[in-house]
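Enquirer: The structure is given below, and queries will be raised subsequently.
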Amino acid sequence: MEISFYKYQGTGNDFVMIDDREEKFDDSNLKLVSKLCDRKFGVGADGLILIRNHKDFDFEMIYFNADGSQSMCGNGARCAVAFSAFLGILDEKTSFLAIDGAHEAILKDGLVQLLMGDVAGIDEKEADFFVNTGSPHHIRFVEDVQNYPIFEEGKKVRYDQIYAPAGTNVNFVEKVSADEIFVRTYERGVEDETLSCGTGVTAAAIAFGKDQAAATIKIKTLGGQLSVKFNASENGAFNKVWLIGPAEQVFAGKISV
Ligand SMILES: N[C@H](CCC[C@H](N)C(=O)O)C(=O)O
């Protein structure tokens, strides 16, 4: 079987994108998803995204981590918007469906502005935090994130009993200035550090700016620059949460599987 695909990346978080509006891709075949994401035996990516038609939205995105598990993916959603524009499904504004519900997005000046779901609140985990931004994120503030043992410490938290059985993503955050942070992420389902994590930087920005009524936080990641805007609402929740950054097509191809 030959599969046509496009490769996209959003600040270094990379994805196999498939136009599956004819619904030919077997989304129960998780071995195929993992093979396509394999960096030695397949195309290679952190995740795989199917674009499908939906009667109530411009499109539906179905996201798989490289291990076949599913979750919301912020960078993947930004790439899905750029890919759908490339396919002619949208021009500048869109509403689409993802695993955590409906999202709006705006594609403008080469950036994708993605409206994330409302965030119910922030849980304290000893000296750390936990925030769910459509996928689960543990947040740890550290001094020197560039030299922090991300993989070792990330894996420990990801598999900690307190998060069993689903696990969590783990973000390590260094304050750069009053409105900028540097975030590195160990991603569940990739089981390694990724160059950036959209839902993760969103969670980190909210934990960093949690005491402000409204905030715009710049985020440095190994894969590039993102920004997150949000408003605090009542009872510790957050809304109007926007994740903003680039999303680019790297190449197109076909693979026989
Ligand atoms: N690995 C995450 C999903 C992808 C998150 C990340 N790629 C993003 O941009 O949000 C999880 O299993 O919750």
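Heads up, the Cβ atoms here are built off N, Cα and C, so glycines get one too.
Just so you know, TrEMBL annotations never went through curation; they're auto-generated.
Just lifted these from TrEMBL, have a look:
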BINDING   Asn13, Asn65, Gly74, Asn75, Asn169, Glu187, Arg188, Gly198, Thr199  substrate binding site
ACT_SITE  Cys73  active site, proton donor
ACT_SITE  Cys197  active site, proton acceptor
Enquirer: Let me know the most crowded of the binding-site residues, choosing from Asn13, Asn169, Thr199 and counting other Cβ atoms within 10 Å.
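Expert: Ranked by Cβ atoms within 10 Å, first place goes to Asn13.
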Enquirer: Which secondary structure state does DSSP assign to Asn13 (substrate binding site), in the simple three-class scheme?
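Expert: DSSP assigns Asn13 (substrate binding site) to strand.
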Enquirer: Given the substrate binding site residues Asn13, Asn65, Gly74, Asn75, Asn169, Glu187, Arg188, Gly198, Thr199 in the record, what is the largest Cα to Cα distance, rounded to whole Å?
Expert: 15
Enquirer: Using the CB centroid of Asn13, Asn65, Gly74, Asn75, Asn169, Glu187, Arg188, Gly198, Thr199 as the substrate site centre, which other residues of the same chain sit with their CB within 8 A?
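Expert: Neighbours within 8 Å of the Cβ centroid, excluding Asn13, Asn65, Gly74, Asn75, Asn169, Glu187, Arg188, Gly198, Thr199: Asp46, Gly47, Ser71, Cys73, Gly76, Ser135, Thr185, Val190, Thr194, Cys197, Gly200.
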Enquirer: I'd like the Cβ neighbour count for Cys73 (active site, proton donor), meaning other Cβ atoms within 10 Å of its Cβ, all protein chains included.
Expert: 30
Enquirer: Show me the subset of Asn169, Arg188, Cys197, Thr199 whose Cα is within 10 Å of Cys73 (active site, proton donor); these are the recorded positions I mean.
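Expert: Cα within 10 Å of Cys73 (active site, proton donor): Cys197, Thr199.
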Enquirer: When you measure from the Cβ of Arg188 (substrate binding site), which residues in the chain that are at least 6 apart have a Cβ under 8 Å away?
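Expert: When sequence neighbours closer than 6 are ignored, Arg188 (substrate binding site) has Asn65, Ser69, Ser71, Ser135, Pro136, Arg158, Gly167, Thr168, Asn169 within Cβ distance under 8 Å.
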Enquirer: With every protein chain in view, how many other Cβ atoms are within 10 Å of the Cβ of Gly74 (substrate binding site)?
Expert: 30
Enquirer: If you run the three-state DSSP split on Thr199 (substrate binding site), which class comes out?
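Expert: SS state of Thr199 (substrate binding site) = helix.
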Enquirer: Which of the three DSSP states, helix, strand or coil, fits Gly74 (substrate binding site)?
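Expert: Where Gly74 (substrate binding site) sits, the three-state DSSP reduction gives helix.
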Enquirer: Going by DSSP, is Arg188 (substrate binding site) part of a helix, a strand, or coil?
Expert: coil
